[in-house]
Amino acid sequence: METPWKLPHRTETFHGNCFGVCTEKTLKSQKNEANVELQQKNELGFPLNGMSFDALLLRMAKSFYVPLCECLVAEVNPEMWWFQQGLSFLPVALVVWSTASFVFSYITAIVLHHVDPLVPYISDTGTIPPERCLFGIMLNVSTFLGMATMYVRYKQVSALCPEKPKILRLNKLGLMLGWMSCFGLCIIANFQKCILFYIHVLGACLTFGVGSIYMLIQTILSYLMQPELHSKDIFWARLAVFLWSCSSILSMFVSSVVLYSGLYGQNLVQKLHWDPQERGYTPHIISTVSEWSLAFSFLSFFLTYIRDFQKISLRAMVSLQGQTLHESPGSFRAEEQALLIAGSI
């Protein structure tokens, strides 16, 4: 029996994107090209009657090519909630979970009277058990979510700009710096300020210092990709958040240098309770407010990824290196190559 629909060669590209990176731009352009080709060649065996390519896919899905149809419908399904579209749940989960780790640790430390209620250091809320345990494990999960979010962003930019070397180089550099920043967050979570101060400071420098460079690179990428691939609003939003983080870093650095210069006493790193009448209270408050501001500027930057992530999906491909678990990968490749040569002859 003859197949009622012969797929044009464009459909192979669709199939590759279904199991690789699906972006709205790629799908729209390829759907338009395939629609024109189908209308010109009329390979379906029945009149098109002005039917769109999406409608044709839905009509033929049950009988012929279900994976392709499912991939496309997943991108345009109007019944999805906004956080269900694409991979937008990743930056949402990162922001919500990280905020919860700060808030829960703060509440626990306040209830147990381990810190002062008025704007303590974030690190001070994770210094004494039991909030230290909660702070550490929740920030470790945030590290994983951050790495996953940065990787998806890297794959999205690579898929959108495959022929732009400048953007690709910046994109790889951004991924490397972003993961370094995540490693710094892991150090902060596991090396407390009052126990190993210098290692904790190293983690803070990696998280906020290298993380700010990551934000700068992503802002530059947004500038280079607008207006073709990015809206100008996204670029300006990311630039504003980046400047917000830079001002917070500057304020925190200056106030911390003044506070720990020795003018207001020694061993202030171990100090968890402050009296408003004490010397050094003003730079302490400026420093703590700046730290909270810096943390939320970073979280706000990832919020700008939500709309972009609604337009991307990732699929994993399984590549077997052997027909059974007893064979070595080398022997399987040799057999596969022999079959290919025999088949070509």
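Placement of Cβ uses the backbone N, Cα and C atoms for every residue, glycine included.
The annotation domain 'CWH43-like N-terminal' is assigned in TrEMBL to 87-312. Here TrEMBL flags 89-114, 134-152, 173-191, 197-224, 236-264, 284-306 as transmembrane segment.
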I need to check the long-range neighbours of the transmembrane segment (197-224): which residues 6 or more away from its ends have a CB within less than 8 Å of a CB in the stretch? 123, 150, 153, 157, 164, 166-167, 170-171, 173-174, 177-178, 180-188, 191, 230, 234-235, 238-239, 241-242, 245-246, 249, 269, 294, 298, 301
Select the range from 89-114, 173-191, 236-264 that forms the most Cβ-Cβ pairs under 8 Å with the transmembrane segment (284-306). 236-264
Over the domain 'CWH43-like N-terminal' (87-312), what is the model's average pLDDT? 92
